[in-house]
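Okay, so here's the structure we're looking at.
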């Protein structure tokens, strides 16, 4: 068996290498659109005497909302004494799980591309390489299903906690009869919505890639050889009895 790095760009023209390159790109978009997010909602308090108060709610990745101060210190709003108040909820586990899976996929895609482009002659001659690649690819596809679903639920929790209904239920002042609360300026969460889309897109891409990796394993080659042998056996003519 020949060893050593031998650059060959041909795998990029085949599904095995091309899809791995796509996985590398989609992983970048997935963790980039979630991990770097920061947004701010502006909450308006409409007081009975006709004047308004405003609160700024700034939240960011990893979305530990229970650490985000809605009212930072004991203060007076609409002639009411308001204690320190924090938002409700913690989506850090789902957000960090999602970003963690994306980073693992990003790194694994780089390693896999390095193997495909430089060590393909060793990859196709070994049993362990394709089988390990297939097992890890299938496992990552499952992880994308789990982390994307978890993050979609976590993102909805973030939206609920920072929306008008969530702020009203969190801030006791908003329950007073002479005060009305409303989020008048919402943070742009388009990139977070995109991150969920890329999560499920990664699921589709990795699940599809698992088939092409499977074709490189001995399981597929043995099955193909057995089918060929069975077909050849059925095609043989049984000699006539004399």
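In case you wondered, yes, glycine gets a Cβ from its N, Cα and C as well.
Predicted automatically and left uncurated, TrEMBL annotations should be read as such.
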Given the ranges 194-214, 215-235, which one is assigned the annotation transmembrane segment in TrEMBL?
194-214
Using TrEMBL as the reference, determine which range in 65-86, 131-152 is annotated transmembrane segment.
131-152
As a test of reading the model: what is the averaged pLDDT for the domain 'MARVEL' (11-218)?
91
